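Colleague: Below are the features listed in TrEMBL for this protein:
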type	residues	note
BINDING	D:A10, D:Y11, D:S12, D:G13, D:G14, D:L15, D:D16, D:T17, D:S18, D:A37, D:G118	ATP binding site
BINDING	D:Y88, D:S93, D:N124, D:R128, D:S180, D:S189, D:E265, D:Y277	L-citrulline binding site
BINDING	D:T120, D:N124, D:D125	L-aspartate binding site
DOMAIN	D:6-167	domain 'Arginosuccinate synthase-like N-terminal'
DOMAIN	D:179-398	domain 'Arginosuccinate synthase C-terminal'
4 protein chains.
Amino acid sequence: MSDVKKVVLAYSGGLDTSIILKWLQDEYNCEVVTFTADIGQGEEVEPARAKAKAAGVKEIYIDDMREEFARDFVFPMFRANAIYEGEYLLGTSIARPLISKRLIEIAKETGADAISHGATGKGNDQVRFELGAYALMPGVHVIAPWREWDLNSRESLMAYAEEHGIEIDYAKQSKKSPYSMDANLLHISYEGDILEDPWNEPEDDMWRWSVSPEQAPDEPTYLELSYEKGDIVAINGEAMSPATVMETLNKIGGDNGIGRDDIVENRYVGMKSRGCYETPAGTIMLRAHRAMESLTLDREAMHLKDELMPRYAKLIYNGYWWSPEREMLQAAIDLSQEHVNGTVRIKLYKGNVYIAGRKSEKDSLFDESIATFEDDAGAYDQKDAAGFIKLNALRLRIGAKRGN
Amino acid sequence: MSDVKKVVLAYSGGLDTSIILKWLQDEYNCEVVTFTADIGQGEEVEPARAKAKAAGVKEIYIDDMREEFARDFVFPMFRANAIYEGEYLLGTSIARPLISKRLIEIAKETGADAISHGATGKGNDQVRFELGAYALMPGVHVIAPWREWDLNSRESLMAYAEEHGIEIDYAKQSKKSPYSMDANLLHISYEGDILEDPWNEPEDDMWRWSVSPEQAPDEPTYLELSYEKGDIVAINGEAMSPATVMETLNKIGGDNGIGRDDIVENRYVGMKSRGCYETPAGTIMLRAHRAMESLTLDREAMHLKDELMPRYAKLIYNGYWWSPEREMLQAAIDLSQEHVNGTVRIKLYKGNVYIAGRKSEKDSLFDESIATFEDDAGAYDQKDAAGFIKLNALRLRIGAKRGN
Amino acid sequence: MSDVKKVVLAYSGGLDTSIILKWLQDEYNCEVVTFTADIGQGEEVEPARAKAKAAGVKEIYIDDMREEFARDFVFPMFRANAIYEGEYLLGTSIARPLISKRLIEIAKETGADAISHGATGKGNDQVRFELGAYALMPGVHVIAPWREWDLNSRESLMAYAEEHGIEIDYAKQSKKSPYSMDANLLHISYEGDILEDPWNEPEDDMWRWSVSPEQAPDEPTYLELSYEKGDIVAINGEAMSPATVMETLNKIGGDNGIGRDDIVENRYVGMKSRGCYETPAGTIMLRAHRAMESLTLDREAMHLKDELMPRYAKLIYNGYWWSPEREMLQAAIDLSQEHVNGTVRIKLYKGNVYIAGRKSEKDSLFDESIATFEDDAGAYDQKDAAGFIKLNALRLRIGAKRGN
Amino acid sequence: MSDVKKVVLAYSGGLDTSIILKWLQDEYNCEVVTFTADIGQGEEVEPARAKAKAAGVKEIYIDDMREEFARDFVFPMFRANAIYEGEYLLGTSIARPLISKRLIEIAKETGADAISHGATGKGNDQVRFELGAYALMPGVHVIAPWREWDLNSRESLMAYAEEHGIEIDYAKQSKKSPYSMDANLLHISYEGDILEDPWNEPEDDMWRWSVSPEQAPDEPTYLELSYEKGDIVAINGEAMSPATVMETLNKIGGDNGIGRDDIVENRYVGMKSRGCYETPAGTIMLRAHRAMESLTLDREAMHLKDELMPRYAKLIYNGYWWSPEREMLQAAIDLSQEHVNGTVRIKLYKGNVYIAGRKSEKDSLFDESIATFEDDAGAYDQKDAAGFIKLNALRLRIGAKRGN
């Protein structure tokens, strides 16, 4: 093994990262710093402290990063209306660059020369963690145990744990979900087990954050979302921080059966995989943001955004948040949001998000006096359209004469 | 006026185009040929014959174009997953190039030197009709009465009709919808009246093709859609023509409250307008096609399609179906569909379209042996990921050393 | 005519705009304010003052805008490596938004309600002037005499001038170039006469800014260009303002036969036109800027710029400098230039611009220790490439198994 | 080592691939099939036969692939006007997919289960060879000796050769160029040695295919190039095959000092590298093809091509010729070339390629009657431009009222 002296481990306190912690200490014979973040996954992070301490860790970081996550990662991404492959709202992807950033900050604070994570060698997360780490600390050493060790089955992991005296909560293991899951403020994801056959419909008890549309209330819920520069700043008139916006919309959305998705996606490492996602807040935010833009954003600015979006989403999916090209796109996107101010009214009903109204006192570009079917009192001269069409058609006519 | 000798009019048989017919005869002193098409708008077209005859028209064309519309226009467009501005499924836009094509064919058959239509000078349809016409017959003369005459209100139109002995069905007029509507196999649209304030939610009795999600059945409906080269060829195992596919999905989708949309969109002529749309079949087709592609389409082919899509949709929205650039994009898109074969299972429930499964016997690119969370028996070497990440990170690391 | 009270005219002092000045006074019966700008066209602007005064103009603006033109328009555009249709360096296009901006500033200062210009109804310049004016003062009235009057030939113009006592410099008229020309710091253009047949090679005495390559010196000229954030700030170590940079490179470039181009281009109004251009400084700047970027710009930032460039160039060509979408692209481009610092050495020889060296003390991304063909002492692990290729190939292999 | 049975080696007959041949026989203990291709590199390929035979090779393939290379790879690429990073004409990149294709064909013919090549682990060529191979034979085993062995210096290679009795032509080695070179019909490239400092100007005796502009003739050379569907089919009226076109233009271009380039480029594997290239025919072909398109290609088709080009060039540079996305783009590009027919007249003079004329009897879209500065007899109504501008400005005006 290499001469790593100190490694910062992204540590959940669960069995897998506890095994990694031990493995790092033994195999690399190095000091381990643990970092546990609350990014809204819905589990207590404080218990990780005692476990790390018990494992001999001296430097233990436990951070509540929910506001930073929502404000600096999720919200900027939603300004872009980002969707990967027409379906995926990037719930896992957008959390990784935040973790990388904090891992590297801690490495610099503690003088560590390496970071480590529990992502496997088949997935996207290893790429996202490591591209972020390298971009922020180019000389960092990255240890990805899943790519190095030979503990390739649950049995071998359990055996390793027992052999090395790592406490196993057998009760928890036995009632463990058969799915591989990941959660944060933006979503919870499910992979594996019966989902590995894309013809299988997920069983209803898999879903954790939302009721099924069938079980959702028979009455719709209406909400008013207030926007400033493309971000939601209030719900039903009540000002809220970004993380609170998301928690609120997750709750209300989940109660109305909003945000379930079931997709086959293309991983950056080259394979297709099947995943199910619950993204209640994100599903609402995407729809409502588009509605706010539809009223306040210039046509060509919107179309430029639409053409750039797939590339932006792909960058985030592939792990390039911390890259010059993502920052360039973000600069363009953020500039476009200057006037995306106003209110969107939405109706939530059994899995559906409907736009029930949009308005903007100062920033609407909808000009009823021009668009009206009634007499517009000269606001628009219909004869202008003749010249507009004639010149737009000119190249087509010349081409047709040639015989296109 | 110019020296037009014979004009082919896109004629519905309704009051507006009846007035145009008379106006053309009087103002242009020219022979009028009428053309009435069934493109699935849900109204009888045959009655137009007697009306045209009564108005002295000698050459009357009434065509059932539903299959051609579905097969040669709607289906190719759905191969592209086309959506305009993130919401609009282009229901009106895609019908116009078909009408233009037939108007020009008839002009050539009848020796006409002009075409005419009933679209106003504020909308997109005039552009779509006329760009198509010019592209197919560069010397054609286009008469757009709404841009020429001074009949700018319903009152002046009625007065003109009475003055010139054009029959007005007062019963029909009085119970007329307050909305400006357009319908074909793909959608029905609503504009005007209370919709002119984008803060107003549409009233439920406006919608004609779908029940509200609240009134939809409490039991979900499952369907299996079979794809060949990106097109649906069978529903629940029963082979169907393109138009029948659409009629079937419109019926089932509408019954389940599928396909209502309410948007503010950017017209090509420069203004924002507000429209409501019901697109049951289209909403299902878009979702299901993406699911079919997710299993069978190469990642980079999909991403290329996703990046080209907004431009493709914009071309169709703006009226450039009959253009070299649309044909170039179509060639790329069609090539990508060679392997988009298989079956998608969908669940329809109160406004929602869920993907409940996708499979493809010969064309699936989902390789469970690689993607599995279980032991993959060497199908994928996780160590490869280390090199993959290292080289993808190299430029970022060099940049970070420089101080990006 | 409309009720225009005061109009600001883009006035050169030449015959055409003198006729327009008179025509505006007579036809619109309004007060005319003249605006004459020095943007490096190489003609004195001060004589316009006496002519305007003689024509009764009370408010006369004569501005030296060379530095603003170079700094705020030309330099930002070159950061994008903008070329229209693979050839045209946008010499005329980029000057128009500056003129529009100043016309509108003057309109606001003088309380004018209209602007006017001497561009014809066939060209791009009318579009550029007017889109800029409308974007900056949405209620402005634009008067484009060439689209309104019936003075469609040189004879009718001369007759109008004589009839209205406008002084004609017959000597100047008779020795007038047969070409329609336009000049500013960035280029001089030629259109018309024998160029109207694209098979004709231009005669050598047409060109005004450069010697022919045949007549250029037999010895090459070397220059060192210093860059800061993508802009040239010094030549051969001598700090210079943007306009001085351009004047210097025009002189040296022209002396070496640099910058002649002869193209058929597509106008925004729908026709193809043929133009010849001399752009000595611009030709050097484009080449050298790319060389500076090749050393200092991240790969993906460069590729993103390359993909956005044609759209950016088209926006400028079509007159959309003052648009939200151009500003979005500019924000992305400008951000990318932070590290484009260093020196490029060029060799000019008989029409050629060769890159003879590039260096950047602090911002080079070229890492000889990695790129070397010699032993790299472990800076790069060649084995990483195996995994990189394997994972990039994975989707292709899965596709091949299916039979792509 | 793995259990490879038979491997097809891309074999030049030179020292490096002779060492690889021996190394494969020894290390893999497998049978080696050699493949040597003439792709216009300007060296005899037949001598490779005796060397292979002497090394015990039983199956020896020596193919003249010049016509296939020019017709099926170079010409289609030039239809796209492909340039990588604004400068590089992809001379090496475009040859690799052809070699991969033939290697795999031979593997299938001879029952080999592996291929091998002499590209290093730092460059792009390994990627191009291997992506192609995997795309065409997904189960193939690839052996890249430079990534496996420890022969990392010239000395260790020579020692290996001596030790294993591989004949070394010491005369050839001693007069060997200090540069790493690669040549084919499209170009010859130089890397390494003093070029590793990008501030160094290459010495004039490095260049092999062209005279320096200083030494080129004092008289220009004019050529007429005839195009059919975007490809050159005749020079000065004489019909020629694709390879002959390239050989002819290389000769004439090189004689006139055409096609030298000196760039820093971004490799797919993550580093910047410096290379010098001579591409006489390619430099002429790019310029002339654009000129032919300028006359015959629709504006928007051209702009679409221009926007897609950087991506197309990047695909080829990165080794994705054999990919669905390259084929999609090619389908769009090829469709656009239907009318790119006619003649371009070029002037070559001391390093410059000037367009001296372009014409197309049947396919020109240049309409002198519309573009003329003289009276156009009504072919174009200038008043149409007013409406065209008004509607294009509408969104900008509404935005300006809001205060964009």
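Backbone N, Cα and C atoms are what each Cβ position is placed from, and that goes for glycine too.
A TrEMBL annotation is a machine prediction, not a hand-curated record.
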Colleague: So what's the mean pLDDT when you look at the domain 'Arginosuccinate synthase C-terminal' (D:179-398)?
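Modeller: Here the predicted model's pLDDT, averaged over the domain 'Arginosuccinate synthase C-terminal' (D:179-398), is 96.
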Colleague: Identify, in sequence order, the binding-site residues in D:D16, D:G118, D:T120, D:D125, D:S180, D:E265 that approach chain C with a C-beta to C-beta distance under 8 Å; the answer is 'none' if none do.
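Modeller: Listed binding-site residues meeting the cut-off: D:T120, D:S180, D:E265.
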Colleague: Among D:G14, D:G118, the binding-site residues in question, whose Cβ has the most other Cβ atoms within 10 Å in this structure?
Modeller: D:G118
Colleague: Other Cβ atoms within 10 Å is the metric here; tell me which of the binding-site residues D:D16, D:D125 scores highest.
Modeller: D:D125
Colleague: Here are the binding-site residues: D:S12, D:S18, D:T120, D:N124, D:S180. Which has the lowest count of other Cβ atoms within 10 Å?
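Modeller: The binding-site residues D:S12, D:S18, D:T120, D:N124, D:S180 were compared, and D:S180 has the fewest Cβ atoms within 10 Å.
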Colleague: Measuring CA to CA, name the entry from the binding-site residues D:A10, D:S12, D:D16, D:S18, D:Y88 that ends up nearest D:D125 (L-aspartate binding site).
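Modeller: The answer is D:A10.
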Colleague: So of all those binding-site residues, D:S93, D:N124, D:R128, D:S189, which one's Cα sits nearest to D:A10 (ATP binding site)?
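Modeller: The smallest Cα gap between D:A10 (ATP binding site) and any of the binding-site residues is with D:R128.
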Colleague: Rounded to the nearest Å, what's the C-alpha distance separating D:G14 (ATP binding site) and D:S180 (L-citrulline binding site)? Just drop the number here, would you?
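Modeller: Computed Cα spacing between D:G14 (ATP binding site) and D:S180 (L-citrulline binding site) is 13 Å.
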Colleague: What is the number of other Cβ atoms found within 10 Å of the Cβ of D:R128 (L-citrulline binding site)?
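Modeller: So the number of other Cβ atoms within 10 Å of D:R128 (L-citrulline binding site) is 29.
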Colleague: Give the distance between the Cα atoms of D:S18 (ATP binding site) and D:T120 (L-aspartate binding site), rounded to the nearest whole Å.
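Modeller: A Cα-Cα distance of 15 Å.
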Colleague: Among the binding-site residues D:S93, D:S189, which residue has its Cβ surrounded by the fewest other Cβ atoms within 10 Å?
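Modeller: Relative to the other binding-site residues in D:S93, D:S189, D:S189 has the fewest Cβ atoms within 10 Å.
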Colleague: Give me the non-local Cβ neighbours of D:Y277 (L-citrulline binding site): same chain, 6+ apart in sequence, Cβ-Cβ under 8 Å, ordered along the sequence.
Modeller: D:Y88, D:L89, D:G91, D:H187, D:I188, D:S189, D:Y190, D:G259, D:R260, D:D261, D:D262, D:I263
Colleague: Between D:R128 (L-citrulline binding site) and D:G118 (ATP binding site), how far is it from one CA atom to the other, in Å?
Modeller: 12
Colleague: Take the Cβ of D:A10 (ATP binding site) and count every other Cβ within 10 Å, whichever protein chain it belongs to.
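Modeller: The Cβ of D:A10 (ATP binding site) has 23 Cβ neighbours within 10 Å.
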Colleague: Between D:N124 (L-citrulline binding site) and D:S12 (ATP binding site), what C-alpha distance do you get in Å?
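Modeller: Their Cα atoms are separated by 19 Å.
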Colleague: What count of other C-beta atoms do you get within 10 angstroms of the C-beta of D:E265 (L-citrulline binding site), across all chains shown?
Modeller: 19
Colleague: Cα-Cα separation of D:S93 (L-citrulline binding site) and D:G118 (ATP binding site), in Å?
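Modeller: Computed Cα spacing between D:S93 (L-citrulline binding site) and D:G118 (ATP binding site) is 15 Å.
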